[in-house]
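Some features that TrEMBL has for this protein:
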type	residues	note
TRANSMEM	12-32	transmembrane segment
TRANSMEM	38-62	transmembrane segment
DOMAIN	199-243	domain 'PAS'
DOMAIN	276-326	domain 'PAC'
DOMAIN	365-502	domain 'GGDEF'
Amino acid sequence: MNRFAEVRTWPLLAFALLVGLQAIVLTVTLGGYAVDGWLAWVGVASLALTVLLAMAVVSTLARAQARARLAQRTMEEAIDALPASVEIFDAEDRLIAYNRRLVEIYPHMLRHFQRKCTFEDLVRESLARGGIPEARGREPEWLEERRQARGKQLTPLLQRVHDDMWLRIYESRTPSGGIVGVRMDVTDLIHEQQRLAASRAQLRATIESAANGILTLDSGGHVLEANPSCELLFGFTASELQGVHVGMLLGAASATAAPAGATPDIPLDPRSLLGQPREFTARHRSGEALHLQLAIAEVRTDTIHLYVCIVTDLTERKRQEERLRRANELLARQSTTDGLTGVGNRRLFDQLLQTEWQRAIRAGRPLALLMVDIDHFKQYNDCYGHVSGDDCLRRVATLLRSCAGRGGESVCRYGGEEFAVLLVDTDLAGAQVVAQRCLDSVRLAAIEHVGSPVRRSVSLSIGVAALIPQNGEGAHRLIQTADAALYEAKQAGRARLICQQQSA
Ligand SMILES: Nc1nc2c(ncn2[C@@H]2O[C@H](COP(=O)(O)OP(=O)(O)OP(=O)(O)O)[C@@H](O)[C@H]2O)c(=O)[nH]1
């Protein structure tokens, strides 16, 4: 303001001096004290100077006035150009100045602005028009509160006005007791805050209702927040989980006490968990083992650095997988096991023979087969009945398994009362030893068979074959050879073994 209103003062001082001097000269001249003409000349000269100075003073004042007008216009334009509204009230709280923005905000109030109404009158008018939504229904109380707080607020007011416009209102007292008010349109900011609050509420609801456990961790891996699914998963409340290291949760959560504040047994840097989801074992508060999958994402901004973990409970799925695996194993076993005797069935024998045949070809090693038949088994059934016949079959199978070695897994029921014993990496001599062991073992078992023409106990006939399989020939050759040997054993009187070796 001073820069614009500046007025030079020296012409005024000089003018005042000269007027004084001239008054003295005129007094002396008119009083008849002047005896010489020089004084008259001084008077004339001072008069002329006075006129000149008066002209200078007038022009200075005119320039000062022009500058003051310019300053005022500049100031008004500057205030009008502000993006905020400005209103100035005098000590009686009467509106004495305002800018264009105030009229833009309250166009219907222009008439009242021009009348220089008091602040209270303006507020009353606004309330009457319903222009202050927050006051609706309690206008008198609201006006009283506003009046009381007028010019005393330490923080700006936030007020919603017509058309869902939001204003932040700053009010300051001037030294002469007036009030300067500034209203800033913060509608965009408030809408942004409302959108943010809505999306935050949405996010919160999603996290709270998520079936997966969700943990937020600080940069060091300590739990900041845990959702209800996490509480359920680990058996600890969210507040108990707060501050716990994620390594503690995944490694060894205590079965009895909340692990809060405990040092993690397994130090885990959350960064090392970034990337693909990983599986962990953990413990519920009750001690129950949990199988979990953890996917972790890093959240890093200028002000925050944290991690968000999605914890998926795989425990039930793993249990089901394990149950399924066992059931499949059982099914596989059942599908290759003879239901009566518990040894391998014909299907297993066929599979084993193919596998071992190929292996023997690759290794260039011998493969041997015993075809075992119970002698006169028809008579056994006839004599003791089929149930006892079944028992006999089971006993013979058990004896053969104990003689076959390799856990007996190569003993299979070939059909009826006939068994096949496959001996890998065994030549004819080795197979003969095993066959003899089988014969001896059944003889020693002395299973009564009074109907047998051979002897009074169960006996076996065994055909033994062994060969080194060659590329291009089928495994049936081994079966045919062993069968032929068995036939020979039967023909030769039973209760014996016959070895038959085929040349390659
Ligand atoms: N109890 C019982 N008997 C069976 C079973 N499978 C086959 N058999 C019987 O086994 C007998 C086999 O008789 P054959 O083939 O004539 O042979 P065998 O009487 O042993 O005479 P050789 O073999 O010549 O000594 C039949 O009577 C069948 O009924 C079974 O699962 N349980």
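Heads up, the Cβ atoms here are built off N, Cα and C, so glycines get one too.
Here the domain 'GGDEF' (365-502) has, by DSSP, the following mix of helix, strand and coil residues: 64 helix, 36 strand, 38 coil. Taking Cβ pairs closer than 8 Å, the transmembrane segment (12-32) reaches residues 39-40, 42-43, 46-47, 49-50, 53-54, 56-57, 60 in its own chain, all 6 or more past its ends.
On the 0 to 100 pLDDT scale, the domain 'GGDEF' (365-502) averages 94 in this prediction. Counting residues per DSSP class in helix, strand and coil order gives 22 helix, 11 strand, 12 coil for the domain 'PAS' (199-243).
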